[in-house]
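Below is one structure, written out as structure tokens; comments come after it.
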Amino acid sequence: MTQTLDTREDPLNLGGGGGGGCGCGWAHSASLSSWSSCHRRRPGAPAYNRPHRYSPKTEYGPPRKQPKQQHGPGFWFQPPVCSNWGCWGGPWRPPPPGFWKFPCPVQVFRVYGLHPLCFCCCSCWSGSWNPGWVKPPGRKKRWGRRGRGLRHHPRHSYPRSPPADVSTLPRPVKLYEWREPGMRAPPNTTQFIMNQIYEDMRQQEKVERQQEALRAQKATVSGEASPARSSGNDAPPGGSKETWGLQETLYGFVQNPSLAFSPNPEENQSLAPLLVEEEEEKKNDDEEEYDQEVCDAKEASEEEEEVEDEEEEVEDEEEEEVEEAEYVEEGEEELEEEELEEEEEVLEENEQRGEEFHLPLEMPLSIFVEAEEKRENFISCTFLNPEQIIPKVPQESLFMAQDFNC
């Protein structure tokens with residue numbers, strides 16, 4: 001007869017696991033314990049090394065004693081079915097509209113735990129009966145538990161971009177001034193480049209003209225010096241004049257190679273004034289062209305001004321005509337208004353006179369009708385005589401009043 005030593009399964013030690021008071025003294029081969037949903041340790045297994053089939057952290061420790069509360073798809077809090085609170089239980093709700101009093105302008109502001117329909121200042125600010133308005137319980141932060149979720153919870157949903165380099169950004173545009181190295185070219189870049197090229201060509205032409213003028217001056221000076229030499233040395237030393245001239249030319253070529261293809265001094269003398277005259281003619285032509293352009297521009301501007309003056313005069317005349325027409329229309333309207341006002345005044349005066357002038361009852365009303373017909377023939381009835389319109393009835397019968405007191 002074997003008795004179990006587990007007092008939890010057999011607290012009275014009656015022999016036999018969970019036998020209770022049945023009187024069975026023999027122990028069962030497997031302990032008959034009540035079934036439970038929570039995990040229980042087998043009797044022979046160690047505390048920290050039990051075989052958990054589906055647990056990812058088998059080596060760290062035992063599983064949770066109670067299953068973790070999982071928030072399902074529905075509401076995470078259901079109010080109690082029945083309670084002792086009666087009508088004072090549940091969330092705060094405003095009183096019926098008959099009890100509302102607003103001593104001051106209502107201020108609506110949000111406080112944690114405040115029911116969205118509560119506008120008063122009372123004890124319900126500390127918290128509401130319905131925990132549905134409170135945030136569901138979150139996970140408590142612990143040290144060294146980063147591996148549960150994201151390693152670094154990002155403050156921004158996008159990665160921060162590095163600050164932009166200001167030196168690489170485009171600079172503003174200068175159209176009509178000297179461009180700095182960092183400045184952008186103007187939008188019409190091709191025109192700008194062509195203008196620069198033409199300006200360079202003009203500068204080059206000017207420099208070439210100056211060089212030609214200097215060469216002409218040098219040629220004239222050398223031409224003046226050569227006849228003085230020939231007059232001083234009448235008898236050339238050895239040889240004829242031709243050989244002496246050849247030697248001079250060769251010596252001149254060796255000394256100044258730029259004169260190798262230069263014309264004779266006489267030609268130079270004749271060419272120098274020609275060049276000067278050509279330059280003067282060119283200058284005069286340029287000045288004349290410039291003066292002509294200026295005159296043309298002035299004439300064009302004067303013509304434009306004349307055309308504008310004529311247009312302005314035409315516009316002024318049209319405006320004056322329109323103003324005159326408007327003035328005439330306004331005068332006609334004023335005359336019509338004055339006539340209407342006079343007619344209204346006459347009618348009002350007639351009405352007032354009629355009200356003030358009390359006619360006797362015996363006086364017939366045909367007088368006014370005849371007067372109106374004479375003044376303005378309102379009624380033009382050819383098929384009705386005035387006797388038919390206003391029949392002659394004895395006046396006594398008109399103003400007869402029956403005696404009702406009889």
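Just so you know, glycine gets a Cβ as well, placed from its N, Cα and C.
According to Swiss-Prot, the feature region 'Disordered' maps to 43-72, 138-167, 203-244, 278-358. Per Swiss-Prot, the feature compositional bias 'Basic residues' maps to 138-158. Annotation comment: Swiss-Prot describes 199-225, 274-359 as coiled coil. Among the features that Swiss-Prot reports, compositional bias 'Basic and acidic residues' is placed at 203-212. Look at Swiss-Prot and you will find 278-294, 301-349 tagged as compositional bias 'Acidic residues'.
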DSSP-assigned states of the region 'Disordered' (278-358) in counts, ordered helix, strand, coil: 79 helix, 0 strand, 2 coil
For the coiled coil (199-225), the mean pLDDT of the predicted model: 93
Tally of DSSP helical, extended and coil residues in the compositional bias 'Basic and acidic residues' (203-212): 10 helix, 0 strand, 0 coil
